[in-house]
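Q: Residues or ranges marked as domain 'Protein kinase' by Swiss-Prot: 123-505. Here Swiss-Prot flags Leu129, Ala130, Ser131, Ala132, Ser133, Ile134, Ala135, Gln136, Val137, Lys156 as ATP binding site. Marked as active site, proton acceptor by Swiss-Prot: Asp291. According to Swiss-Prot, the feature transmembrane segment maps to 506-526.
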Amino acid sequence: MIFKNTRRSYQIIATFLRYGIDEIIPDIPFTYSARLTRKAFFWLQNEHKDQPFGVRLRLALQELGPVWIKLGQMLATRRDLFEPALADQLALLQDSVAPFDGKLARKIIEQALGNTLETWFDDFDEQALASASIAQVHTATFNKNQPLAGQNVVLKVIRPDIEHIIKADIALMYQLAKLIPYLSDDAKRLRATEVVREYEKTLLDELDLTREMANAIRLRNNFENSEMLYVPAMYPDFCHKNVIVMERIYGIPVSDIATLTENGTNMKLLAERGVQVFFTQVFRDSFFHADMHAGNIFVNPNHPEDPQYIGIDCGIVGTLNQNDKRYLAESFVAFFNRDYRRVALMHIESGWTPADTDVDAFEEAFRTVCEPIFAKPLAEISFGQVLLNLFNVARQFNMEVQPQLVLLQKTLLYIEGLGRQVYPALDLWQTAKPFLQKWLDQQVGFKAILRDLKQQAPQFREHFAQFPEAVFNALQQQKHINYRLAELNKTLQSQADNKTYNVKMIIMGSIILSLLWQFNSLPLWLSLPILTMLCLALCRRK
């Protein structure tokens, strides 16, 4: 194991050096050891000096394999952290790798299901239909012994040993992430350790296909009988951590504009429905498919005049709470109304930026960054870019990273890109505005109060039944507390009295000692009254 990790570490270092990635190491005292180590690998020189840094980084990640490719893809969506040219290069990374042996896939599936494939399926194709870094898919058909006999299905299987590879590479990423903040002030903004932690969670979640199954079932239920989106059925009886079985779909890739056009698809309606599907997930369901790139989205070839999307691969999803949704809706509406003070206050009220933030400076920062956007026609404004600008400004005012909103912003950029690819004249604002306005209207006013009361009525009934007992218990507790407080006051008063008495006795004792010391020298008429008074004082105390 140690040998494998050492060899992998050398492979990663050598790859970065051959592509000149080490040029980002600044000449400062802290990096002396890193620069010295670089000289130790003197035979590994930059072989691609004619290429810009972004291209070299993309090629290096591509060579390092699936785990690093997916990291680059994730970083490509963080345009709040990278220059546009670098983000554009990372976006070109393709998560496609050669499939592993179909016979091995068969063996893994049979081990998971507990019997031979022929027990349930006919026509299992050992040639993978598609292959990616985490898993690959094969086709089959339910045999005559199954209730869904003849149904075409897809079997998705996790790559063997991929978990070990991921964990080993992630461990190395953490080591690199610890060094990055010391490179420059800009590098500190990257928060590299947080990025790696977020990436690790995403990858490990994708390794558990039961999560994907649960996500797909939930999304399918949310859009049951919908004319906008169809999600393939899952077959839970055949689903395990490393294998899932789902309905096979037949659709046109959303990026295949030529075929969509040839099929007579209503492109304007298709583009608008893409935006509607996204905002429905966000504001109605608080649960959204967060990996809606072109490879996971298809279009139903039937009834092209009334187009319907087909969504697959629900391994990555996002969830939002009421605070998140209010932030999104009010920020977008305030932005389009050019109410930058409201935008600033939204960030502070949400608790994502410090309460002592200078609101005037915050407002002016938003105005400076956002106002130039309105040089474009309203229809051409990108919601994803608006969110990106808001995040960029907020980070300057110490906004805490909100992973769910970063995921949403990435998904929104995907949706916008696909929508404008399908129909370049898509007016995002007019398409999204009804969803935003409807949701905001539902959050205020008498109807909102009635809705909240209705939702909480079962809790009220449950708590009301327990109300008499709760009151009695509270009174008993209060009675006990009052008794304990009274006892405590007596104890404290007694301690205070004792303390006062002790002080007095110390003083009296001192006087007695001094008198006894000089008793023989005192006249009789003075000695007797003093002794009498001291005796009376002692008797009174007793």
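Quick reminder: no glycine exception, Cβ is built from N, Cα and C everywhere.
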Q: What is the interatomic distance between the Cα atoms of Ser131 (ATP binding site) and Asp291 (active site, proton acceptor), given in whole Å?
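A: For Ser131 (ATP binding site) versus Asp291 (active site, proton acceptor), the Cα atoms are 16 Å apart.
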Q: So what's the average pLDDT for the domain 'Protein kinase' (123-505)?
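A: Taking every residue of the domain 'Protein kinase' (123-505) together, the mean pLDDT is 84.
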Q: What residues, ordered by sequence, lie under 8 A Cβ-to-Cβ from Ala135 (ATP binding site) and sit at least six positions away in the same chain?
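A: Set apart from Ala135 (ATP binding site) by at least 6 residues yet with Cβ under 8 Å, we have Lys156, Val157, Ile158, Arg159, Leu209.
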Q: Between Asp291 (active site, proton acceptor) and Ser133 (ATP binding site), how many Å separate their Cα atoms?
A: 15
Q: Considering the binding-site residues Leu129, Val137, which residue's Cβ sits among the greatest number of other Cβ atoms within 10 Å?
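A: In terms of Cβ crowding, the pick is Val137.
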Q: Around Ser133 (ATP binding site), how many other CB atoms lie within 10 A of its CB?
A: 21
Q: Asp291 (active site, proton acceptor) has how many other Cβ neighbours within 10 Å of its own Cβ?
A: 21
Q: In the same chain, outside Leu129, Ala130, Ser131, Ala132, Ser133, Ile134, Ala135, Gln136, Val137, Lys156, whose C-beta lies within 8 angstroms of the Cβ mean position for the ATP site?
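A: Other same-chain residues with Cβ inside the cutoff are Pro99, Ala128, Val157.
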